[in-house]
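Enquirer: Quick one: the structure is below, questions incoming.
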Amino acid sequence: MKMLRNFTIRFVMLTILGIFCVMWAGVGLYSTWSLSRVSDGNDVDRQLVRQMTVLSQGNDQYFRFVTRLSRAMEVKAAGGTPDLAPAQQALDNMSKKLAEMKAISPGPMDEKVSAQVISTWQALLDRGVTPQMAQAKQA
């Protein structure tokens with residue numbers, strides 16, 4: 001108790017206030033740092049969402065191509081004149097989406113997965129869709 005007699009109330013209160021201020025500053029700095037990490041995670045999420053959107057749009061264009069080409073071939077089989085312009089437009093859009101995917105890849109996506117997606121998509125375009133369109137135009 002004799003040791004406490006040497007401290008004034010003002011000194012003890014200022015010491016406690018100083019400790020609280022240092023703790024408050026530490027909590028504030030930690031909060032700022034952790035929020036910046038959350039922001040970095042949101043940027044990665046936005047990039048992944050963009051990649052998945054482009055992939056989905058390319059997939060949609062593929063199915064539009066197949067549907068429009070099959071309709072045109074049904075018209076031709078019935079003896080009519082097929083309109084291949086909508087199928088060609090879907091094919092062009094699919095090629096544009098592939099180019100867009102190549103431009104934004106790999107991004108935060110795993111490089112192997114990204115390369116596999118692009119190579120599969122390119123093979124589908126080169127060996128599947130484009131030859132179908134060429135045969136439809138010739139037939």
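Any Cβ shown, glycine's included, is placed from N, Cα and C.
Keep in mind that TrEMBL annotations are predicted by a computer and have not been checked by a curator.
From TrEMBL, for reference:
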DOMAIN    3-135  domain 'Chemotaxis methyl-accepting receptor Tar-related ligand-binding'
TRANSMEM  12-33  transmembrane segment
Enquirer: Please give the sequence-distant neighbours of the transmembrane segment (12-33): residues at least 6 beyond its ends with Cβ less than 8 Å from one of its Cβ atoms.
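Expert: For the transmembrane segment (12-33), the far contacts come to none.
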Enquirer: Run through the domain 'Chemotaxis methyl-accepting receptor Tar-related ligand-binding' (3-135) and tell me, per DSSP, how many residues are helix, strand and coil.
Expert: 117 helix, 0 strand, 16 coil
